[in-house]
Amino acid sequence: SVCMKTASSSNVLSVIVGKVQTVLGPMDPEQLGRTMTHEHLTMSFECCYCPPAAGADPEPENPFQMQHMHWLRQNPYSCRENLYLQQETGAVRDELLAYRKAGGGTIVENTTTGIDRDLPTLKQLAKDTGVHIIAGAGFYVDATHSEATRKMSVEKLTDVIVSEVLHGADGTDIRCGVIGEIGTSWPITDSETKVLRATAHAQAQLGCPVIIHPGRSPAAPAEILRILQEAGGDISKTVMSHLDRTIFDEAELLEFAKLGSYLEYDLFGTEMLNYPFHLEVDMPSDSQRVKALAFLVKEGFEDRLVISHDIHTKNRLAKFGGHGYSHILRNIVPKMLTRGITQQQVDKILMDNPKHWLTFK
Ligand SMILES: [Zn+2]
């Protein structure tokens, strides 16, 4: 029976090689179009609720009224209601239709185990809207690992991840097309280290894309790549997320870029004064993000850049006065073009780089 399973897995794998895997099945990479490489369409971020800081304004009673929109933007994690993105599937469906109208083709939906991945909803959204959706395998940060997850060996974790890609996840036959976002904290915990090693082992078997959520320290991204590489992972097919809140120093950024992963600026649309997960961080503005992209392009990394919004709370949806999933296409691309990034380079960032990353090899 072991041989049978190996045979059927290798059959499944032979169908995906050279393709991308969406929630509706394998697809020719040429069909992806413009791609946001780090979004959420349905999830819960309850794990990361932060009470309002001492001395700060308390949570308003009816937070989704117009007069509280600024409070919500400044304190998105201090309102429980705001953390249940999975309650807004209707609004998300409308926004995906708008995303297609704005020229969007694909969304990589990074929700993994721990933050309420919902594959049937993703499949329905793909059918309803025509947007290609690629789902994520694996586990979010340690704080969301179950006791069962913590007890698993690297081998067992590898089997779970491989199966989510080859056969389907969460008891469905809907297959993930990327591993991640794999969550890590800083310092990286033992359970997270096991998951990182399992991610590398699974990637070595599958030739698939990987995407990582690093902890909030400039040292975290390089340390993660070291662990992945040591376990046989393919750094050139790995995206490092959230660089906009992680590495600020230009020299450090260049040093990290030379390690060869994809470099992701994925918090476009997020502007807040106090970042409650790491108060020492000054969350950049969108203009500063564009400046970082222009710097990395000038330094020769245009083949390594990918961008996104990482929408994970309700207030960022257009329905609640937010920027929505089309903000990059509508507002950021024109800004990039005025800051020394060419249309050809924009096309690389939005189409060619995601296509190369997402194709199974
Ligand atoms: Zn995310």
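All residue numbers here begin at 1 and follow the chain in the order shown.
Quick reminder: no glycine exception, Cβ is built from N, Cα and C everywhere.
In the three-state DSSP assignment, the secondary structure recorded for ASP310 (divalent metal cation 1 binding site) is coil. Non-local contacts of ASP310 (divalent metal cation 1 binding site) by the CB criterion (under 8 A, 6+ apart in sequence, same chain) comprise HIS38, GLU39, HIS40, ASN110, SER241, HIS242, ASP266, LEU267, THR270. The divalent metal cation 1 binding site annotation in TrEMBL covers HIS38, HIS40, GLU181, ASP310.
If you look up TrEMBL, you'll see GLU181, HIS213, HIS242 marked as divalent metal cation 2 binding site. Neighbours of HIS213 (divalent metal cation 2 binding site), defined as other CB atoms within 10 A of its CB across all chains, total 23.
Note: GLU181 (divalent metal cation 1 binding site) has non-local neighbours HIS38, ASN110, THR112, GLY136, GLY138, TYR140, ILE211, ILE212, HIS213, SER241, i.e. same-chain residues 6+ apart with C-beta under 8 A of its own C-beta.
Within the group of binding-site residues (HIS38, HIS242), the Cβ with the highest number of other Cβ atoms inside 10 Å belongs to HIS38. In sequence order, GLU39, VAL108, GLU109, ASN110, THR111, HIS213, SER241, ASP266, SER308, ILE311, HIS312 are the same-chain residues whose CB sits within 8 A of the CB centroid of HIS38, HIS40, GLU181, ASP310, the residues recorded for divalent metal cation 1 being left out.
DSSP assigns GLU181 (divalent metal cation 1 binding site) to a strand. Apart from the site residues GLU181, HIS213, HIS242, the chain places the Cβ of HIS38, ASN110, GLY180, ILE182, GLY183, ILE211, ILE212, PRO214, SER241, ASP266, ASP310 no farther than 8 Å from the centroid of the site's Cβ atoms, the recorded divalent metal cation 2 location. If you draw a 10 Å sphere around the CB of HIS40 (divalent metal cation 1 binding site), it holds 26 other CB atoms from the protein chains shown.
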